[in-house]
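> Here you go, one structure.
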Amino acid sequence: MATATKSGATPKNNRRAARGGTGAELTDNQNAERGFSASEELSESMQKVLVDLIELSLQGKQAHWNVVGKNFRDTHLQLDEIIDAAREFGDDVAERMRALHALPDGRSDVVAETTTLPEFPQGEVDTAEVIDLITERIDDVTSTIREVHDAVDEEDPTTADVLHGVLERLEQLSWMVSAENRVPKK
């Protein structure tokens, strides 16, 4: 924390003064409240990504509980990794929305009504099918991110950077999961 002199000057205030401000115009809270606010389009784009990430975590958990067959343990553990990533990224997206004064909506009815992911099947699912289904779901989320990316980047490059990190990790997970069912080319 900057130390103020008797005159109230701090290095931060001195920098503001050098830019033509007194440093006393706005408090930090006022700056945050007056900061950049997301447009309706940016909010809707981020909401699309959020609901797909929430749905991915839920479908991952459904698969985790009901997977059976060869390589059960590896698949079971890999699903945990996907679930954790989807939850973390969902939180990152929701918190970014709040930082931009947008309101994330992760209620179950909203997620069910607006996700782009198809339903996950009921009952036990073979490991090979789980691999294909979860890879498809991860790819669906990356498609949503790519769909909204350009508009997000145009309005707010910082938010686009958040999406870049999510996209990079999800594409890596898709590759790693899908490799489980691949047959080497000869």
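The backbone N, Cα and C atoms fix where each Cβ goes, and this holds for glycine too.
When I checked TrEMBL for this same protein, it listed these features:
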- 1-12: compositional bias 'Polar residues' (COMPBIAS)
- 1-41: region 'Disordered' (REGION)
- 46-179: domain 'Ferritin/DPS' (DOMAIN)
> Please work out the mean pLDDT for the residues of the domain 'Ferritin/DPS' (46-179).
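So the average pLDDT across the domain 'Ferritin/DPS' (46-179) works out to 97.
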> Counting by DSSP secondary structure, give me helix, strand and coil numbers for the domain 'Ferritin/DPS' (46-179).
108 helix, 4 strand, 22 coil
